[in-house]
Amino acid sequence: MDLLTLWNLEREEVLKIIENAEYFKKNRYGHDILKNKSIALIFESPSTRTRMSFDLAVHELGGHSLMMNEGEIHLGKKESIADTARVMSRFVDAIVARVKSHKTLEDLAEYGSVPVINALCDLAHPCQILADLLTMKENGKNFKGLKLAYFGDGNNVSNSLMIAGAILGMDVVIATPRSYEPSGLFVKKALEIIAKYGEGSLTLTDDPEIAAKDADVLYTDVWISMSDKNKNLDEILKIFPKFQINAELLSKAKEDAIVLHCLPANRGLEITDEVIDGKQSKVFDQAENRLHAQKAVLKYIFEH
């Protein structure tokens, strides 16, 4: 089974992955789920947390990881992605790919014969969000009816948060400047999932105070993400500051609200030092939880 986006998962499956991630966090070592299995790790862009967490996850589950960075692999350059997928499937048991285009993942999954995991692309970041869900749960947050507020650029993280929130019955509010909204496709999918379960809601707004009011979780990411290199920096610095998570914005949320950021953070831009280093910040727990969530994802794909 592939994991390209979260919308292919049912609620029970997401909850099971989180449950397994909790187990792996409490029982880090002594597993052989990936014994005699080799996992290819493809990285088209630099990575700290994703690379470390997947590499360690494979090893700590008893498997072998094969790291391939951009420039070390023919991925649509000098060889079609289809042929690369076919060849890699003869050598490895699964492919974990952090790529620039979602289409690359779709091609790897279509033409390869082994599971493909989206470790990040321009449209989605499902593994990150599974770690986020673990962080919410271990901080006593019940998913159903939880108000999750996202601030900043409508990027791959916001796309996947909408889907996760819809699956689990959250009330998700995405606060972005106009013309920086999340993907229309992901909005449509989220609304379909909300209708399917009859729970939760999705609101898009350009007013960060509306989003922050009585929120249980406040979430932000960098203002210029991997898909936004052509966006005007002067424009970003002019229209985004009101979406910064700072003490004033945080004060509008619930007293026990937590703050998340998938990192790396541009301190002083999308989030202040005071907040990211404050008692309500769970950012570094969130980063650690990438490891435990990746293990749960690997376990899941080899069981389905």
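Placement of Cβ uses the backbone N, Cα and C atoms for every residue, glycine included.
As the structure is a computational prediction, the values presented were derived from the model and not from experiment.
According to Swiss-Prot, the residue from Arg90, Arg98 that belongs to the carbamoyl phosphate site alongside Ser47, Thr48, Arg49, Thr50, His125, Pro126, Cys127, Gln128, Cys262, Leu263, Arg290 is Arg98. With a 10 A radius on its CB, Asp221 (L-ornithine binding site) counts 27 other CB atoms from all the protein chains. In sequence order, Leu3, Leu4, Thr5, Leu6, Asn118, Ser160 are the residues of the chain that are 6 or more apart from Pro126 (carbamoyl phosphate binding site) and have a CB within less than 8 Å of its CB. Cβ neighbours within 10 Å of Ser47 (carbamoyl phosphate binding site), excluding its own Cβ and spanning all shown chains: 17. Taking the binding-site residues Arg49, Arg98 in turn and counting surrounding C-beta atoms within 10 angstroms, the largest count is reached at Arg98. Of the recorded residues, Leu263 (carbamoyl phosphate binding site) and Asn156 (L-ornithine binding site) place their C-alpha atoms 13 Å from one another. Of the recorded residues, Asn156 (L-ornithine binding site) and Gln128 (carbamoyl phosphate binding site) place their C-alpha atoms 10 Å from one another.
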